[in-house]
Amino acid sequence: MERMVEIERFDEEASYEVTLRPSSWDEYIGQEKIKKNLKVFIEASKRREEALDHILFFGPPGLGKTTLANIIASEMHTNIKTTAAPMIEKAGDLAALLTNIEEGDILFIDEIHRMSPAIEEILYPAMEDFRLDIIIGSGPAAQTVKIDLPRFTLIGATTRAGMLSNPLRERFGMHFRMQFYTPEELAKIVSQASHKLEKPSKAEAAHEIARRSRGTPRIALRLLKRVRDFSEVANENEVTLERARYALDELGVNDLGFDEQDIRLLELLVSAKNKPMGLSTIGAALSEDEGTIEDVLEPYLIANGYIERTARGRIATPKCYEHFKLGGITQGLFDDQ
């Protein structure tokens, strides 16, 4: 069963995310520092009548990287072509994208950390000199064909900035780290979306959904849709606090946005009694691959001070111990302390 607090997008979510996606700065909630800087850079580019410098967005999934790219295109009054690095398998794939863009257009590449080194090599001159170098043939008869490109803006998005090669990272003129959202920001997002879904949420219900959404709009919208289902079946015209609490409890999402997998991970670290635990050990104990633990389970727990990464492994923080003592979860873990 898929986790309700999964930060990656479910297959069926792509269409409704587009429906609920903000299309202007006025609608876009959160990431205020990034918005402020982007507004300046966009205005400067428009006054100079130049394409924006290349932009890199990085941070956990579901925080609005794709949405920002689309708003930038809208503000620049230009076209945007969207793809993902795994879709660009060979030089011809990249060439097809680059030769079909116009002056000032935006090319958005998601998961750019998954781009192969061979494709990166072709991308470098395109980003720096707006030139495409294509090798035709092989061996001694091989020839390099140079194709001039219109000036464009590449927007890259990644959840794993550390996996980007230095040469690729250095070719982006702007780097923006996406931050987790505050409960207040998420409550506004929930309220905004609930009106678009024609099922208004009471303010306290929006806050209840927001505080269980792990600082992530994608999760907040997913929970809202499921809470809306409970409200619909109960023949209610709006989402109430009582219905939101009931629905979220039924979905297995607790007051802090933790689900069963989070609790299992935290219990495991607490049981180690301050001894660091390696990623491979955690993976074996939870029957999860290391990538899932590192990219999906850990980010929110680390950002909120429940887990600490050390050179020797992961440990539970005092905040984590305190949560378990106060929450009444797995009291047996503390019996011999």
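Heads up, the Cβ atoms here are built off N, Cα and C, so glycines get one too.
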> Hey, Swiss-Prot has ATP bound by Leu20, Arg21, Gly62, Lys65, Thr66, Thr67, Glu128, Asp129, Phe130, Tyr181, Arg218. Any idea which of Arg171, Arg226, Arg228 it lists too?
Replying inline: Arg171
> By DSSP, what is the split of the region 'Head domain (RuvB-H)' (255-337) into helix, strand and coil residues?
Replying inline: 48 helix, 9 strand, 26 coil
> Among Leu20, Arg21, Gly62, Lys65, Thr66, Thr67, Glu128, Asp129, Phe130, Arg171, Tyr181, Arg218, listed as contacts of ATP, what is the widest Cα spread in Å, to the nearest whole number?
Replying inline: 37
> Taking just the CA atoms, what is the gap between Glu128 (ATP binding site) and Arg309 (DNA binding site) in Å?
Replying inline: 37
> Out of Phe130, Tyr181, which has the highest number of nearby Cβ atoms, where nearby means within 10 Å of its Cβ, if these are the binding-site residues?
Replying inline: Tyr181
> Where does Leu20 (ATP binding site) sit in DSSP terms: helix, strand, or coil?
Replying inline: helix
